[in-house]
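Pulled these features from Swiss-Prot for this protein:
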BINDING   Cys39, Cys44, Cys47, Cys77  [2Fe-2S] cluster binding site
DOMAIN    3-93  domain '2Fe-2S ferredoxin-type'
Amino acid sequence: ATYKVKLITPEGPVEFNCPDDVYILDSAEENGHDLPYSCRAGACSSCAGKITAGNVDQSDNSFLDDDQVAEGFVLTCVAYPKSNVTIETHKEDDLVG
């Protein structure tokens, strides 16, 4: 399946289609959208975003705790879309506070 991903970035919203077996960060880059990242392995918070609609599979994430996931935080480098999803990007500062 392929889903619509909407990213709310500091420069404004962008939308693209993302297959359910491609990480959102990778798909964003393939569509010409630069997002922050560091490790690309789900082990840091550089790529963190916050889901405002929809849901993802980020079972490869090793950084976020259950409470952060429940609040909607997502590591875009290890997140597969599981529905149409809207994510606010550039949320590392909110996460690490």
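Just so you know, glycine gets a Cβ as well, placed from its N, Cα and C.
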Beyond the listed site residues Cys39, Cys44, Cys47, Cys77, identify every same-chain residue whose Cβ lies within 8 Å of the center of their Cβ atoms for the [2Fe-2S] cluster site.
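Nearby residues not in the site list: Leu25, Tyr37, Ser38, Arg40, Ala41, Gly42, Ala43, Ser45, Ser46, Phe63, Leu75, Val78.
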Name the residues of the same chain, 6+ apart in sequence, whose Cβ is under 8 Å from the Cβ of Cys77 ([2Fe-2S] cluster binding site)?
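Correct list: Tyr23, Leu25, Asp26, Tyr37, Cys39, Arg40, Ala41, Gly42, Cys47.
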What three-state secondary structure does DSSP assign to Cys77 ([2Fe-2S] cluster binding site)?
helix
Including all protein chains displayed, how many Cβ atoms other than that of Cys44 ([2Fe-2S] cluster binding site) lie within 10 Å of its Cβ?
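Cys44 ([2Fe-2S] cluster binding site): 17 neighbouring Cβ atoms within 10 Å.
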At a 10 Å cut-off from the C-beta of Cys39 ([2Fe-2S] cluster binding site), count the other C-beta atoms across all protein chains.
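Around the Cβ of Cys39 ([2Fe-2S] cluster binding site), 15 other Cβ atoms lie within 10 Å.
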Calculate the per-residue pLDDT averaged over the domain '2Fe-2S ferredoxin-type' (3-93) and state the result as an integer.
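It averages 98.
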